[in-house]
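A.B. asks: One structure follows; several queries about it will come next.
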Amino acid sequence: MAGLTSWQKKEQNALESLLMGGSKHTLNDSVLKRFVSGSVSKEKLSVAVSISERNATSGITWLSIIASTSPFIGLFGTVVSILETFSQLGQGGGNASLGVIAPAISEALVATGAGIFVAIPAYTFSLLIKRKAYELMGVIRREVDILVTLKEDQ
């Protein structure tokens, strides 16, 4: 996320330079610089936005998959542990004591807890990264709007 923050600062500085009356030559640290080296066109800037969005959001899919599937993996572990417990109870001839059941139930709950323990930070960070990428793309789109307006005014 630190990479997105520093990237956003660079783009914000480039946007502020454009707002202060700068031209495409003030985009030194902007991702758009290589797309406006010749003439400015909406098509090239649209490609720049697409590439930037892909780069800014890379990895979020895997984080979201981990966040959404880890509780189910934990639940699967819980079900397996409970099935093993019932199997042991069945083989024991019905001698079910708290000393036999409690460790197995505890093991089952650990599996559930592990799934939740993984899911909460993964989900939180995926949302934070999505938000940061959204803010970054907003800055880049404003830069594009200004560059297109500057071109149309010429």
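Placed from the backbone N, Cα and C atoms, the Cβ positions cover glycine too.
Residues annotated as domain 'MotA/TolQ/ExbB proton channel' in TrEMBL: 39-138. Here TrEMBL flags 60-83, 108-129 as transmembrane segment.
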A.B. asks: Where does the mean pLDDT land for the domain 'MotA/TolQ/ExbB proton channel' (39-138)?
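C.D. replies: Across the domain 'MotA/TolQ/ExbB proton channel' (39-138), the average pLDDT comes out at 88.
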A.B. asks: Helix, strand, coil residue numbers for the domain 'MotA/TolQ/ExbB proton channel' (39-138) per DSSP?
C.D. replies: 88 helix, 0 strand, 12 coil
